[in-house]
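Below is one structure, written out as structure tokens; comments come after it.
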Amino acid sequence: MKFEDLLLEIGGFGRFQILILFILCLPRINLPMHFLLHNFLAATPSHHCAIPHQEVFVNLTMEEVLLISIPREPDGTFKSCEMFLQPQFHLLLNSSLQPENNSIIQHCQHGWVYDHSQFTSTISTEWDLVCEQRGLNQATATFFFIGVTIGAVLFGYLSDRFGRKAMLLLSLVCSVVFGMLSAASVSYSMLAITRTLTGVALSGVSLIVLPLGMEWVDIQHRTFSGILTSIFWSVGNMLLAMVAYLVREWHWLLVAVTGPCLLSIVCLWWVPESARWLIVNGRVKQAHRNLLRCARMNGRKDFAVSPEVRNSRSRHLRMATDKNSGESYSYISLFRTPVLRKISLCSGAVWFGVAFSYYGMSLNLTGFGLNMYLSQFVFGVIEIPAKMIVYVLVNRTGRRQSQAWALILTGLCIGANVIIPKSLTSLRSVVAIMGKGFSEAAFSTVFLYTSELYPTVLRQNGMGYTSFVARLGGALAPLVFLLDEVWRSLPEVTYCAVAVCCGSVAFLLPETLNVRLPESIEDVE
């Protein structure tokens, strides 16, 4: 007896599944509020070198003090990282005569002055992560995603070994602890360490939520469940814009985005362990109890009408258990057999491209001509219709075609904005929003697609491996922005090329539309 047959008996999509999916969507809302927090946590407001002994310039306005103390960019704005060795009083007579002798210019010697009109404080203003220290600012996001990468491997294995629910609870508790410690950071080193550990903890939430929900849902509603869960990521995107708009101080912003994890911890009490996982791991009695609970809530009270039926069903469950008993699985198992090896290599490449391009766009809110809060909100809004379109496409054209073309079109939109002149702000914004929609469509599809490619005995290992590769992409994405010092458009060209190449790899994966979830490696091969 296949597990799908049991789901048909107890109700594959009833009140029980709706309750579970709703509860699991709560931590899903919280994820983007941390994953995309770098936009606001590490925002760099306009700044210039601090000017010493300003009291001697009592007869000059602030604009005139800046004029004689700070050199200008070609567009007329004051430079952020340089100052004159001595005040250039002659510029008061003719400000257009900018000195051509670089020997009278030096790097900032007395710190920086920041514009606090938009942010009360960020980690950039707290520890002067600008100019020569700009790399440390971008590295904050990389540290977080390195943590997520480590967590993907760790929780992928642990959730297959000790169960989905227990590891989800552990990851939520650790997220609260390390999130609050991040908010209390008194040095950059402390923040880097605690943000890395927060990434490790939140990786468990990201990794476990979708498979735990999917393993309780029948084939017909699998796509709907995956898309519904991912919509709450977009809700979190929009909430982040509103929370960041209201909370402009970085310590309290971290508290505000970490607090909701407490609600998820409380609500997790009503979520049972995956019956699929319990059966595969030989815990038949507990699996049967969870199935009975599901049947009662779904109004299928005839699920255990007689001892004969119960005994027969228990025999089927034990048979399913015996098929997998005595076998031990690890990440190496993903590469032992030919079909699984091909799936693992190709899905890893696709996940890397999806995450690399998604975070490349999401962490560049100021590059498309919109206010950063509005950009964050609009990027969240556009994801919802993108998911609706994905829901139709993956059921009509299949997972493979949807995955490949969504990622390729993401890359083409990023590439288009390299060509479009910056003066055409509206057009650039429209293309960017379209690209963000395709990017989210690729992300929504890859979660659903991957959970269907791997068998139950290796599903969390498979999700852990692909999440590991994706987080490598997420960790590298913010550092690519530093390539603009080589060529201003090099970051966008890099994102474009990776997205198109990785999207093409998706054509090599098998189709999973209307196919039963595989239970064992033999089912895949």
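Here the Cβ of each residue, glycine as well, is placed from N, Cα and C on the backbone.
Features of the protein shown, as given by TrEMBL:
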- 87-513: domain 'Major facilitator superfamily (MFS) profile' (DOMAIN)
- 139-159: transmembrane segment (TRANSMEM)
- 166-186: transmembrane segment (TRANSMEM)
- 192-212: transmembrane segment (TRANSMEM)
- 224-246: transmembrane segment (TRANSMEM)
- 252-271: transmembrane segment (TRANSMEM)
- 343-361: transmembrane segment (TRANSMEM)
- 373-394: transmembrane segment (TRANSMEM)
Stretch among 139-159, 224-246, 373-394 sharing the most Cβ pairs under 8 Å with the transmembrane segment (252-271): 224-246
Query: In the same chain, which residue numbers or ranges, 6 or more beyond the ends of the transmembrane segment (224-246), come under 8 angstroms Cβ to Cβ?
result: 13, 17, 21, 24-26, 28-33, 36-37, 39-40, 209-210, 213-214, 217, 253, 256-257, 373-374, 376-377, 379-381, 383-384, 387-388, 390-391, 440, 443-444, 447-448, 451
Query: Excluding the flanking five residues on each side, which residues at least 6 beyond the ends of the transmembrane segment (139-159) place their CB within less than 8 Å of a CB in that stretch?
result: 34-35, 38, 41-42, 123, 129, 167-168, 171, 191-192, 195-204, 206-208, 330-331, 359, 363, 460-465, 467-468, 470-472, 474-479
Query: Between 166-186, 343-361, 373-394, who has the most Cβ pairs under 8 Å to the transmembrane segment (192-212)?
result: 166-186
